[in-house]
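Taking it in order: structure first as structure tokens, then the write-up.
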Amino acid sequence: MVEISSISQTLRALRRKQYSCRDLVESLVSRSESATHLNAFAATDWLHLRNEADRVDRNGSGGVGLMGIPLCFKANIATGIFPTSAGTQGLLRHKPAIPAKIVERLHSAGALIGASGNMHELSFGITNDNKTFGPARNPWNQALISGGSSGGVAVSVAANLMLGGIGTDTGASVRLPAALCGVVGFRPTFGNYPTDGIVPVSPSRDTPGLIVRSVEDAVLLDRIIRNKCPTQNMSLKGLRLGLPRSHFFDNLEPHVAAASERAIRRLATNQMTFVEADIPNVAELTRKVSLPVAIYEFPRALMAYLSFHGIGNTFDELIQNIQDPQVYDLVQSQLSKGLISESVYRRALRCYKPRLKATYENYYSSNGLDAVLFPSVPLTAKPVGLQTTLVHNGVETDTFGIFVRNLDPSSNIGLPSLSVPVSLTPDRLPVGIQIEGPFGSDDMVLAIGRAVEEMVKFGQEY
């Protein structure tokens, strides 16, 4: 049995011929078949994967970067192999012949299409309690949620069923499950990764993102997807990182607060300067942009997708087949009652989104900051079966709102962000730290993430 490690470590082992690609695949298949209770996958084809591994072993990688590394792709991403179901009944037979561009780029670089990842239905939720494929369960405690909507991909990476994966992120959907499952989640600057071949939620915000075991792996996949040359090691000496205490550090679970402060203390010894500075009006502006834009764009974007692909099911039929009551109610409310009017949507895009963008730009420039750092999620994973509210720190709280609170604001203006696991609570649940930077600062964010990862040594404190 091959010991499953990071993509980067596995590539080194394959190049040294410590084991074959087929050996690697057999280990992943064996682990996956022993972990079906986690519901990580929406679809698999182990025979196809074995054949692909044999092809790599016969022909070699030709020097191509990913050399037969199997990846998991969220079920709303066209692979050309698995149905692009988006986790919903109405698309179970939808199988575009042409893979998404991001799949093509990774496959051209030698990656294998390992599995289709379970997801929250139509990406419209954060628990990944999918009524068709079952709830994706957290490998750290199987009674708990994985987070979503890219939960199956995060589970597959955290449980060593796949070496890495591609999810999608509208407001939190890559970084949230990564944080709850104790792996790395990266949302790039909006527009850096292609979105062709992906079932949409909100085209003005949707982007593919990375879920991997290490920041080194995120750097590797990012370089391949963006077709960019490796960058030289970036000096972090003298970097200024903002700590926006108001909002982002408010009302944290005690163990999350303690773990976050412990990580910050460790990082303070790494020649980086921390600046306590708040982002003004961030909660109010986010509220006026986030859900109004997503809820208004979603039905229109999905109708356009169905029309483009000539899918037999009508939009109404697809909606009637939604299995998740909360997703169904939200979509039906928009369709039947006009939950978000066009005027509210236009005001969000033309007024409040530019204000949010200007607020962030002024925050960085006026404080001389290179990036900001804060807890990825205010709380740890909770039991499967969550309702619309939960009790958080003794107060009944909106479930969706509290889980995405810290991750959502910058997503509305397309900034790059990275969630890195930094600690385990005493009951061994992961806590993540988010690093965000200005528009286009992906390399800087990843470099800081590597420093965080090296300093905190996740999982070794208990």
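Here the Cβ of each residue, glycine as well, is placed from N, Cα and C on the backbone.
Per Swiss-Prot, the features are as follows:
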{"type": "ACT_SITE", "residues": "Lys74", "note": "active site, charge relay system"}
{"type": "ACT_SITE", "residues": "Ser149", "note": "active site, charge relay system"}
{"type": "ACT_SITE", "residues": "Ser173", "note": "active site, acyl-ester intermediate"}
Practice task
Write down the Cα-Cα distance for Ser149 (active site, charge relay system) and Ser173 (active site, acyl-ester intermediate), rounded and given in Å.
Solution key: 5
Handout entry: Where Lys74 (active site, charge relay system) sits in the secondary structure, as DSSP reduces it to three classes
Key = strand
Completion exercise
Whole-number Å distance separating the Cα atoms of Lys74 (active site, charge relay system) and Ser149 (active site, charge relay system) is 9
Practice task
Note down the number of other Cβ atoms within 10 Å of the Cβ of Ser149 (active site, charge relay system), including every protein chain shown.
Solution key: 37
